[in-house]
């Protein structure tokens, strides 16, 4: 009887799951999600053009310039990465303000999509005319829209899935598909350049951005139609005084707890150990392993493909287990190991790139969801924007250093007298690997320090998902109890030189820190 009862329960649960799936399959927001995935496809496709077709052997922008008796160095190639990141040191925060307070989501999406498409067209013109400054301007224009469009995509998905099942899954799908755009670049752009020309490869970038532009138009029309039909609530712009809010942004950032700044350190030094490496990885693999250009590009694509496939699974696992700080330590230590293996062994590049993709997913799953636990709820948006800005500062500086290192070792790098397709020697790439290794080591030290700091201030970030709500509740109660013992000093008269600060000194000094650390109070406030 017990077995029959158990079988009946399992059958009922299975029927319930299929019923839910059938219901969800009829929901409009899942079909909109398919189009939303294409919104950032073009920007991810063209971002790594300097890494896939910029320099090296075969039909590259470098050799295209040299065929026209023009200079194109490794530094010039890496500047195309840096100049994309410089606008985003500010726009990561400003982009959110444009969406929320000034343009609205739909107009902002259209603006950012047009900027990306314009950047891709200008880049093609610069390549075709072998005019570096046009390519440089193109990357600036592209940078003005690239990161902000990703913010718009997240806001759009959140708007359509608010109140529905599957929001976390929807975000995982959009992030995964965005990585596919970068993989397609390494898979197809070098092949197109070698079969036809670098001009044709640049045109493929325009085509990818046109797909994203079309997706943007469809999403805007769907959003407007859904409002008219009552499927979505009408978007209301914030009518409050934005000037006062804007002025508080800097003070909000400066008052962030130490745990937040350690998360920023992990973020910037992990990303600078990965993305600039991908930018030179194609040429590095040709020099180290003797790969052809196409084979090296395919090898690099496994990093994004692996992270795209693993994102939903690993994200769900990290969300279920918790212990975010431990996942960060694992990811950072593995990045250190991977760069050591690149320097000291001949393990196939594809194996190490698959590992990098896996642990990159652990990094993303442990890092970005930790921010709301580390800062007050009122400044979560500012915290994300500031972290992204700091990240882009690192991503702007590192490619410049990498380019300078490669040019230092490269023969004939600054001369058009001899048109050579030789790459920098392996020694040059070992120096860049040393740079990436140091960056990963700093990230590892920051992650360990974060664990110590988190344990000191309550252990929210390193707690399991099951225990975290109880810890938050305890911190809230501790904060409320502490607030209850603070005396009301209004109307108190002070004699002589005695100040209010002196009266409250027992509560603002060591005794207060021992009772409830400031970071604990901040985190408790963020959970209210």
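Cβ coordinates are placed from backbone N, Cα and C, and glycine is handled just like the others.
According to TrEMBL, the protein carries these features:
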- 32-458: domain 'Major facilitator superfamily (MFS) profile' (DOMAIN)
- 28-47: transmembrane segment (TRANSMEM)
- 79-99: transmembrane segment (TRANSMEM)
- 108-127: transmembrane segment (TRANSMEM)
- 168-188: transmembrane segment (TRANSMEM)
- 200-222: transmembrane segment (TRANSMEM)
- 258-280: transmembrane segment (TRANSMEM)
- 300-318: transmembrane segment (TRANSMEM)
- 325-344: transmembrane segment (TRANSMEM)
- 350-369: transmembrane segment (TRANSMEM)
- 381-406: transmembrane segment (TRANSMEM)
- 428-452: transmembrane segment (TRANSMEM)
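Same-chain residues lying 6+ beyond the ends of the transmembrane segment (258-280) with a Cβ under 8 Å from its Cβ atoms: 48, 50-51, 78, 81, 300, 303, 328, 331-332, 335, 339, 356, 360, 363, 367, 370-371, 374-375, 383, 386-387, 390-391, 393-395, 398-399, 402, 406, 429, 432-433, 436-437, 439-440, 442-443, 446-447, 449-450, 453-454, 457, 461, 519, 523.
Within its own chain, the transmembrane segment (325-344) is flanked in space by residues 266, 270, 273-274, 277, 288, 318, 352, 355-356, 359-360, 362-363, 365-367, 370, 430, 433-434, 436-437, 440-441, 443-444, 446-448, 450-451, 454, 461-462, which lie at least six positions past its ends and keep a Cβ under 8 Å from the stretch. Between the transmembrane segment (108-127) and the transmembrane segment (28-47) there are 3 or more Cβ pairs closer than 8 Å, counting only residues 6 or more apart in sequence, so the two stretches are in contact.
The recorded stretches the transmembrane segment (168-188) and the transmembrane segment (428-452) do not share 3+ CB pairs below 8 A when only pairs 6 or more apart in sequence are counted, and are therefore not in contact.
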